[in-house]
Structures are given as structure tokens and as C-alpha cells.
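Working notes, structure below.
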Amino acid sequence: MDDFSATHINYTLSIHLSGIFFAWHRHFVWLWERTLREECGYNGYQPYWDWALSANNISASPIFDGSPTSLSGNGDPINQEPFLQLEPTNITIPTGTGGGCVTNGPFANMTLNLPDLSMAGDEEFPSNAFDYKPHCFTRNLNSHMSSAFTSQADVDRLLNSPSITDLQANIDFSAWPELREARILGPHAAAHMSLGRTMDDFWTAPQDPSFMLHHAQVDRIWSLWQARGPESRRWALNGTSTINNRPTSPEVTLDTELVWGSLSESKTMREVMSTEAYHFCYEYGA
């Protein structure tokens, strides 16, 4: 897990709010599945978290209910402000119901080795990004967040996006007018925030075991969207390879090189645009 989390940290300012977001994470999840098979003896496939199924009560999801077959549940309750402000707007929603260390399920009392970078922002690479800072795995499950922003209606809005530019905007920015104007809280971010704490760390979220299920769902949505118009959508690209195009960088093309550090050899965008070409051989159910 540390190798994957460190890789995510290293490329955070390239792989979010950019033209390589979908493609980079597609191969990242595939690498995780391969690693589970080659190093851990896993014989199954990479599951995805269908956000809509748990949107109304995330704590009851078999993924997050704290049972022996879950990915652990909520963190222990801690004192928190009762409402969360969705900055930079004045909109508030109730906060989560946990917030502390996870002490239930298979990942109870798990120690994370990389630092908490949740306050680092997205302007500069944090100088302490790879410091050894052991701390507990935390969650703050929030059904108010999930029901408002990761429902089936939100998934349908993504799948009905008319272009790759619209799909990118719809997954990153909410449909709520004030939030969309602020360019925040699309289903991708909202799912992170509905789990909270470790998963809500922009840089180190892969330290939450559910990260790969979440991004398999992101990949599933992209794949299903592509399948609705494969002739035009399989190769559809938009954007650059830097977050919010900071600093300014060239538009991505099918020849743009993607890198994952020591986890993988580099790939071109062309090699990761389809789940059924080059080194990929999988598909998602509708």
C-alpha cells in the first residue's frame, strides 16, 4: 500500500483536474489488481464500489459496515463541528458520524505510514510528502454527503454527458449551481468526502483500502460512457497534464506519456484508452 500511496502523492498535481485523470487512474487500479494476484495470491477480480447503492445509508453498505467481509466501517466518534461548510461557498451540510481511528473490521487499528497531508492544498508539492509519520487509519462516514452527491441521478448525469469535456466537468463539479460555479464537489470528490478523513486526503487517499474500489467505479463510468459511442468516444481527450493547467502545459494527445514511477513502465495515452486493448482485457457490467 505504501508504494501505491507514495506514487499517488508523487503525481497528484498532474493526475487530478487534468486531461490524464481517467487514463492514469485506470492503469493505477489495474496495477493494484495485478499486484494482489502476483504478490498476495488473490484469485479474484478488482471490484468496484457502485456509489448509488449505498448513497442513502453508507454505514449500512456491506463494504463499510465493519463486518468481517467489509473494508472496515466508520471511525470511532469524536467531537466535531455539527456542520461542514462547503468552501468557498456558504452552503453547509451535517458532518460525518465518526472521525476517529477505525477500530472495527479487517483493517481495525491499522497504522498508516505516510503523513496526513489533508491541509496541504493543491498549489504546491508539500515538502514533508514522504516523511515517515505513522498514524491511525480514520474514517468519518457521511450519508448526507453521499445521498446529495453520489446518487443514481448523479451517476446518470455522468453517463449522459454529451462529450468528454462535459464528463470531466460533471465528475469534478456538482450539479448544484453555486457549487458548480465554485468548481467543487462532483461525484468523484464527494465519494472521497463521504468516507472522510484518510479517504478525504487529496494526496494520500490510497491509504484507505476502499480507494481502489472507488476508482474502479470511476473507471467503470468512463468505460460505460465510452461504450455509448465507441467510434468517437474511445479516443476522446480534453485538457492538459497539469492540475487546472497549472503550470500551463500542452494539450494531451494519444502520444502523451503517462508514468507511475517504480510501479510500472510508462504508457502512452493510446495504450490505456480502452479496457479491451493492449495490456487490458476486462469489461464492466452495466
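Note that Cβ sites are derived from N, Cα and C of the backbone, with glycine treated the same way.
Taken from Swiss-Prot, the feature Cu cation A binding site covers His16, His25. Sequence annotations record features per position, and here Swiss-Prot assigns Cu cation B binding site to His215.
Annotated features, which come from Swiss-Prot, shown on the structure.
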residue: His16; record: Cu cation A binding site; DSSP (3 states): coil
residue: His25; record: Cu cation A binding site; DSSP (3 states): helix
residue: His215; record: Cu cation B binding site; DSSP (3 states): helix
Checklist entry - Whole-number Å distance between the CA of His215 (Cu cation B binding site) and the CA of His25 (Cu cation A binding site)? => result 7
Checklist outcome for this item: Sequence-ordered list of residues in the chain of His16 (Cu cation A binding site) that lie 6 or more positions away and have a Cβ within less than 8 Å of its Cβ, or none, is Asp122, Phe202, Ile243
Checklist outcome for this item: Going by C-beta under 8 A and a gap of 6 or more residues, the same-chain neighbours of His25 (Cu cation A binding site) are Ile15, His215, Val218, Asp219
Checklist outcome for this item: So His215 (Cu cation B binding site), by the Cβ count within 10 Å over all chains shown, scores 24
